[in-house]
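Just below is one structure, and these are the notes that go with it.
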Amino acid sequence: MSLLNCENSCGSSQSESDCCVAMASSCSAATKDDSVGGTASTGNLSSSFMEEIQGYDVEFDPPLESKYECPICLMALREAVQTPCGHRFCKACIIKSIRDAGHKCPVDNEILLENQLFPDNFAKREILSLMVKCPNEGCLHKMELRHLEDHQAHCEFALVDCPQCQRPFQKFHINIHILKDCPRRQVSCDNCAALVAFEDKEIHDQNCPLANVICEYCNTILIREQMPNHYDLDCPTAPIPCTFSTFGCHEKMQRNHLARHLQENTQSHMRMLAQAVHSLSLIPDSGYVSEVRNFQETIHQLEGRLVRQDHQIRELTAKMETQSTYVSELKRTIRTLEDKVAEIEAQQCNGIYIWKIGNFGMHLKCQEEEKPVVIHSPGFYTGKPGYKLCMRLHLQLPTAQRCANYISLFVHTMQGEYDSHLPWPFQGTIRLTILDQSEAPVRQNHEEIMDAKPDLLAFQRPTIPRNPKGFGYVTFMHLEALRQRTFIKDDTLLVRCEVSTRFDMGSLRREGFQPRSTDSGV
């Protein structure tokens with residue numbers, strides 16, 4: 001407010017200058033501690049800043065007062081600064097002057113250093129509040145200087161470069177120019193429908209393969225790509241050499257006159273032909289005969305080799321088909337053995353199965369990308385005899401309601417070898433655990449225990465290889481909790497399932513199983 005009062009109280013340019021000097025002295029004292037920061041900031045100005053347009057080169061309405069003009073560039077002050085001697089300059093102008101002309105004020109030659117300059121925010125506000133005219137030709141808008149840049153960004157009279165010919169046009173006219181006037185606008189060829197630039201269309205028309213052209217000899221109208229064949233084969237008036245030109249006839253005539261020429265010059269043509277044959281007969285032929293004989297022998301050898309190779313290819317094809325059939329049988333046998341081994345391994349679990357889920361980082365990435373992740377474990381038995389079960393792990397998507405970013409874990413019954421001898425529905429206790437793989441003495445596994453509910457479809461005897469109904473936890477564990485400890489090691493997650501079955505002994509006896517005696521002597 002002191003600066004505002006100082007400006008308003010000065011009635012002349014001299015008093016204004018005196019006021020500014022006083023203000024500069026007070027500001028210099030008040031900002032003494034900040035002069036180092038100001039010096040560093042001023043000293044680090046880039047060369048690109050120094051080369052920018054200094055003052056505001058715009059038309060003011062009313063005209064700009066002289067007190068807002070930079071004495072160096074004679075334009076409106078941009079980023080106005082004051083000197084201790086009370087003069088105002090554009091920041092870029094005065095810094096350039098100090099660096100080029102020496103440390104002195106351009107107006108009164110007083111000693112002036114860069115760190116003595118200070119921003120004139122009052123003048124800056126005043127100048128930005130002045131009314132200016134839009135510099136674009138044809139635009140009548142007036143606005144405060146502070147709004148000029150925003151106006152020019154949307155002004156319909158601003159110049160923009162045509163994206164096709166790169167010439168500048170006013171924004172409101174650019175669309176019409178692009179569609180109707182631009183020499184590089186795309187137009188379609190009337191003959192081949194190809195898109196070409198308007199200024200290149202004349203050249204294209206002169207070379208278009210589908211353009212209609214007139215034969216220069218017979219005036220027939222054809223498309224350009226047909227013309228060479230027309231000249232060589234069909235044109236009746238095209239000049240062609242005599243058929244006997246190879247034998248010495250140098251006459252040329254129109255194609256429709258060739259028959260008459262051959263008829264009228266039969267004797268001379270025969271003499272030329274006889275002379276050519278006679279000259280050939282004088283050439284020794286022993287070399288040619290031997291060469292032809294060599295070619296014949298080579299051809300005979302190649303034909304024999306071709307026949308042998310054809311037989312070999314047929315034999316190899318038959319062997320390959322036999323081997324392919326054998327390999328297919330071996331693959332089926334391997335799959336059968338693998339299934340049997342997996343079944344035997346599943347029977348050895350005795351109700352405790354540890355499921356190793358590899359490449360778990362890939363599954364987490366799919367979950368983050370909102371791709372469904374559902375994984376089933378191999379089957380395992382609760383004992384021998386026992387029920388066959390498997391686990392299902394589901395990574396809930398971030399957008400799922402009430403269970404977003406949770407691990408869901410379920411148990412499914414499967415068709416097993418002993419199903420006909422076991423009591424149904426399944427009864428027992430299931431303990432699901434995600435194992436802590438840290439090296440700590442006491443590991444903090446994440447565990448849940450559930451009891452089977454015989455009335456649910458999930459525990460009835462399955463009628464297909466895997467019961468579609470499962471039993472477990474939709475919100476077994478949050479993914480954030482999974483990352484807090486070492487549940488994932490070597491990109492592998494370990495899930496443990498421990499099953500304790502409760503058999504109805506009467507049912508077991510009816511199914512043909514007898515309970516093992518506790519007597520150690522048996």
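Cβ atoms are placed via backbone N, Cα and C, with glycine included.
Going by Swiss-Prot, these are the annotated features:
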COILED    288-348  coiled coil
CROSSLNK  Lys124  ubiquitin cross-link
CROSSLNK  Lys124  SUMO cross-link
CROSSLNK  Lys142  SUMO cross-link
CROSSLNK  Lys319  ubiquitin cross-link
CROSSLNK  Lys453  SUMO cross-link
DOMAIN    350-499  domain 'MATH'
REGION    1-354  region 'Interaction with TAX1BP1'
REGION    355-522  region 'Interaction with TANK'
ZN_FING   70-109  zinc finger
ZN_FING   150-202  zinc finger
ZN_FING   203-259  zinc finger
DSSP state at Lys142 (SUMO cross-link), helix/strand/coil: strand
What's the CA-CA gap between Lys453 (SUMO cross-link) and Lys124 (ubiquitin cross-link) in angstrom, rounded? 81
Counting every protein chain present, what is the number of Cβ atoms, excluding its own, within 10 Å of the Cβ of Lys124 (ubiquitin cross-link)? 16
Say we define neighbours as other CB atoms within 10 Å of the CB. Which of the recorded sites Lys142, Lys319 has the fewest? Lys319
Spatial separation of Lys124 (ubiquitin cross-link) from Lys142 (SUMO cross-link) - C-alpha basis, Å: 19
Quick check: in three-state DSSP terms, what is Lys453 (SUMO cross-link)? coil
Take the C-alpha atoms of Lys124 (ubiquitin cross-link) and Lys319 (ubiquitin cross-link) and report the distance between them in angstrom, rounded. 94
